[in-house]
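Chemist: Starting off with a structure, shown below.
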């Protein structure tokens, strides 16, 4: 039966508590009675539970108070009323509703037009109504109000009749609670959802109809007469008033109530209920209850307090039923982990033991010996005390309550418990004395001594409690301090004294040695002296001391050596004794463990005590007496050292510190005199500051006793004492009036000194009580915020409430080896809180200036406010000064004075000496001034000061005139007319002076007069003296009026504002502490802006890289959160060091991390806690109630219906849940990795993700500051750039590994053509196109041609498809631009492309390219690649000349130009069939020109005989070209079996186009029938993923031709002959290129000496240099658009010296961002995930993981060329790839031996898979074919469309397509071939082109590629010059608009202008260049 009944009861667990307002139904069902209480006598009814005056509970029948939980009742109110606590919330919620239709009000329109009036409101009559909360006679209610300006319509309130009453004919109308109740009931569900989304939840409880009556047990007992058992509760009196009012209202009614009577009843009811709830919600009534009831409190133990005692025991008291409290004394002979308990306590407190078959005999013996008090059987307890009858036989299952015995575990605590070690688990021994005894070594962790301190002892009962106590509180588990990491047990003064005395004896006789050896852990060794002349054998002190060592101990230190437990070396110095013992103990702990360490203490402590008791020690008054000569020396020191400073004591806080240091020096001198005494030297720890202070006070002097700063007594008391001192001593004492006491206790104090000392002593007493309020509040706040911060099992530090990561690792950088201190589950938040509060308490308890400043610094950081407060610290700025290397002395001091003089404001009153008014006769005045004034004011100024400050009288006159004139123009000022009539003048030498003085004759003078309309002299005199003169005195004549003060201070490394100078190491330096006037600061950041603005003229003296605002919050505003974090850590560390020996850095870092984890600096106060919980989305009302008023907290939670998940420590403990800390922390076992998604091998870069979601709202927050542009250059240099490791070539940041150059899968380096180069992208000039430097060169897998820019403010240099036309030109540099001669090692073979300056009218297109050098002038009439022209139409001999026609040369007469190398996109104005002009990459869908060519045709396409597909034939579908030499843009042949043909420069979207390679197309190699994964990336194979560009023979850019982008290599390991134009970065840097490659636009060229540091720069167009051949690199050329620099332009947050693309400088505080890190949004083939349909998602999920794994396997970093892949990868490739290949059997051959990834035999810049058969045969195979075949078989109906979409290169965006269509000539569509798919691999490549002769396929020799005659050059130049004029005329309009943007965006150094004549000359005279300069 029992089993059945128990099985029916299901286990439950509280998972959360939801708060809400109690509804009427809930109040009724909680009541024990179904009927309401309607008589006052029922308020103390027996149905409401115990306690009662007599009888039992009528509801549950209980008779004992602790058995009855109490029962509720309720009072029914006669009229509904508003809940007094929620009227405001109800008002806010109803304000959102239309009171007629109860829908959410629509937001008001901004235009205010007719449409808004008609459509903007739902109900016209209710739209104008507003709701206000009113209060009258103590009653609150809601009131409806119409606008007073509106016309009052009759019946405007009639719509409210549906809710209650039709009432009201005025502009206002009360809204009754009854009506609101009906409104809340009728709110539709849709409106409820919208209100809930806005944070307002409609609840029935907003209206009160039923008032709960609490149980009897919840009455707060405030008074008792000693007899009655019912407690008197003031809230019960108020509740009776409520009930009386209810009865009165009900009895007064007659019939139905109308609106007015309803309103009156509700107001009366509201008042009494509100009063009741106010009293009910407070712990004590405001008035004196004892006097009110005439009852005095009598202490009794009656049952009336049973419930109260229970509540206090459970929730308030630290004591419990199993605890005791007693005074402690010391016993050095007991073990450290033992505690002695008096037998009286041990007999009364019991431990529970359950009887079992195993312990029955043991417990029976205890019962028989009368050691048990009682036993329990079932629910009955039986006593076993003396006198009980009979013999008790124990049975299994009974519970025995035995007394405390020796060996029991208890834990001890001494309040206040401010740190972990205040709780210590100890073993019990029972003794006969009356105090609790502990080992003196335990005083340190308990912060106790033996002067009467009391401790609490707790006796854990259950087995789990005992186990927890031993694991958490045992001494051996707590030997290391959680605060400092040092040992918590320290030898006391008596032990050290005994040790010093022992060491002086050297030898011990036999009796002494044997007596002391009894306490050692080892046996007594043989004596050192067998026999002496005077005595027997003798042992050395070392032999006795080493008896305490563990066996076989070996350790050493600087001052001791122990080997084999033999003490071989020991420093006898008195001062070193304590530290040596600590070092030995630490060594034992590290070598032997905590158990042996405790054993050492247990042996050494009694041994030393025994020695001291036997030897004895004495101290006499003679030891404290100093000679008169020594006293005179000390007094003279006081007069010489201290007296000169006391006069300045009250000037600044730093003077106090200097005074304290001076007193400390004098103390040291006095202590040295005193330590001559042998006894004092042994007794005193001379390294202890407190010990020395006490000794000096006894025999030397008391020092500073009174101070007017940071004390609890007032400044008036100090001044009164000073007056008393002067009156008593006159001028004898120069320091006594400042609180310096020269006397000492030994010689006695005089009355004044005694008075000063008593004030100081009393202040210490007050400080220890009242002063602890502030640090106590800080400790409470720290605990509230940090209580839930623990280390989780994964090593991260998290907040258990929200599972938010606060810190990724804890203590990883610790050099002290404290990792063992903090394991998983450790509540490190609590440890950090206690570690910080301990120094805070110390700082407040100690009243020294040092401690005061420490506490102030702690508060500045830990209690920083959420919002800007405009305090003094918020307005302070610390200015550092620049280094001066001139070699002169005092440069920094002079600079500091210069800046201070510039900032410090000097008002006229600072220089004024005297003020005189002169009366002159009328004619004299008129002659001089031309006015009618008789009175003339003179302000005489200090000439010396004016000269020192370099202020002229003219400056003074001008400033005074300005102020007087401005005051005279103000309106509504009484004195305005007076200032208008005031005249000013100045003179260097005043003629009017005081007759009594002669020195005033040469005084500068400011003269002013008042031109009165009436001759009233009194009125004139009053205006001069009381109106004009005060204003003149306040006028600032020098400096900045916005600056309050500017002080030069000494800043050292131990100061909180220290910023290290990386270029100079010094102990300190002079800085300026500037404070801004409060009136000048309106918002956060103003102080910094004002100071920088004031310092513009001296900014060259200021180190802006290190200058910071003083406030941590302001540091965050200016420099960002990371800088604020570092400052918080630094300042907290400095403040702690002032008062404590040190706190572990882990604690301070955790504090700072918790303050900044929300994204802003939040202090440990209520505001910071609220902001933190909001940011982390934590709803924890119970925890919040510990920090904020609990009632308000719960009311707010009820309004918002918050749910406390009880995941916090407070919530868990409150509801009996296990807390998630320590071993109780939760974890889960994951059995299946696939279900949890942990089998995904792909790693996600957290920084990429953060950059993807980064906000740009504060993008331009820094531009608004005055003077910002001036400091940009300084700040740009300050930006942290990576420092490259010379060995590895990788960028290294000093403080993080955030920016690692990892080209992960999905993010390879590539050309980022579409990147926005704006601030918001975080890009800077030194990095790739649009690649954020922080990504270390990571780029998109494909070129982002179609990607729209993320930021529309400014477009990138090459944003070919951006939405805005960029209007800012790029910097046109003189070296390395297109067409500018570059330098190479082989200068003779380097072509010179159009070396010419930029023309003045050069057109800068929207993509910001260099204009004068870029293939001639660009035609930007269509403004982008989307339109007809890209670049220029023609250029004069651009890039040299070719055989027949140069690029862009256009034959106007013949559209069919025959040439060996057709013009590069040559264009004829009259024939659209001719290709585009030079550089006109033009219409993407444009029909190819019918140009016949024999050579490589750049950009020309021929339907019959063409070099290749034109450069601009980007979207041709199937151009059947018959090419002789492969053109630059040639396309693959139709239906070729290629995986990827040689991608032409623009062949983007071709679907199996036909291409026939000719000899030496740009970037093309010979195509043979071989299988490659990727073809050669010719001319910018823009969409290939890992294209390793290697040109074929004589390709464009080959080293033989000294092409762009390649450097001449002498190394045999060079991987490419030439990096083709646009060859993208390989991940392993396999392509080598020169620095001058076409495309390294924004990067400076490294010099030879910078080769190691710069060669790893990732550039999208310039192929990378190879690491292994870097030492053989030739001199590199200047890059395109940038002059060569001598420093690397590495990635980072600054420009690194490279020119930015728009002339903007790098703004350091911005975090970098890049769109390249959006890899999770794209597939492995760079297609957008959202572009696939739901049906295609199945195919995508099938093929995408395979593709990503393949990318990783084929990555060069995975397997070097030719290496076999691993077995796992081999299995993957065989099963997933080769198994589906259409030619599987052929590829497998005789069997697979292994699979490799290697370079293709033909296309050596491509990597592909090779299968090596067992017979040694090696064949390549294509994964594309395999995947296509697999998809076609598995999804035959969907595969083809999916393959086209998945493997297709990114297409242009819609805008581009539309523009292309517009640009297509008529008839173009008809000529376009149909779409055909094309492969994307290098496998089974079969060319279907016509056969070519060897001469056609043979590569051209260098001479063929270069040799040209001057005549050819001349003819080409002429043809180009003809088209040049057309190009200029077309682009003229554009140049005008762009010239404005140039002037705005570029600095003068970046803008180079040329005259039109220069431009024309360039266009017409290209023939003047040498042939070598015009070769291609």
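A Cβ is built for glycine as well, from the same backbone N, Cα and C atoms used for every other residue.
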Chemist: From the ranges 738-750, 751-763, 764-776, 777-789, grab the one Swiss-Prot calls region 'Bridging helix'.
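Modeler: When 738-750, 751-763, 764-776, 777-789 are checked in Swiss-Prot, region 'Bridging helix' belongs to 751-763.
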Chemist: Check each of the ranges 1152-1171, 1172-1191, 1192-1211, 1272-1291 against Swiss-Prot and return the one annotated as region 'Disordered'.
Modeler: 1272-1291
Chemist: Long-range same-chain neighbours of residue 60 (Zn(2+) 1 binding site), Cβ under 8 Å, sequence gap at least 6?
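Modeler: Within the chain, residue 60 (Zn(2+) 1 binding site) has Cβ neighbours under 8 Å at 49, 67, 68, 69, 71.
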Chemist: In sequence order, which same-chain residues at least six apart have a C-beta under 8 angstroms from residue 57 (Zn(2+) 1 binding site)?
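Modeler: Looking at Cβ-Cβ distances below 8 Å from residue 57 (Zn(2+) 1 binding site), excluding near sequence neighbours, one finds 46, 47, 49, 50, 63, 68, 71.
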Chemist: Taking 10 A as the limit, how many CB atoms besides its own sit near the CB of residue 98 (Zn(2+) 2 binding site)?
Modeler: 18
Chemist: Which residue, of the binding-site residues 68, 101, has its CB surrounded by the fewest other CB atoms within 10 A?
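Modeler: Fewest other Cβ atoms within 10 Å, among the binding-site residues 68, 101, is found for 101.
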Chemist: Across all chains shown, how many C-beta atoms besides its own are within 10 angstroms of the C-beta of residue 71 (Zn(2+) 1 binding site)?
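Modeler: A count of 24.
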Chemist: What is the number of residues in the region 'Bridging helix' (751-763) that are helix, strand and coil, as DSSP sees it?
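Modeler: Summed over the region 'Bridging helix' (751-763), the classes give 13 helix, 0 strand, 0 coil.
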Chemist: Looking only at the region '18 X 2 AA repeats of [WG]-[GW] repeats' (1215-1693), what is the mean pLDDT?
Modeler: 42
Chemist: Using the centroid of the Cβ atoms of 57, 60, 68, 71 as reference, list every other same-chain residue with Cβ within 8 Å of it (recorded Zn(2+) 1 site), in sequence order.
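Modeler: Here the nearby residues are 32, 47, 48, 49, 50, 58, 59, 61, 62, 69, 70, 215.
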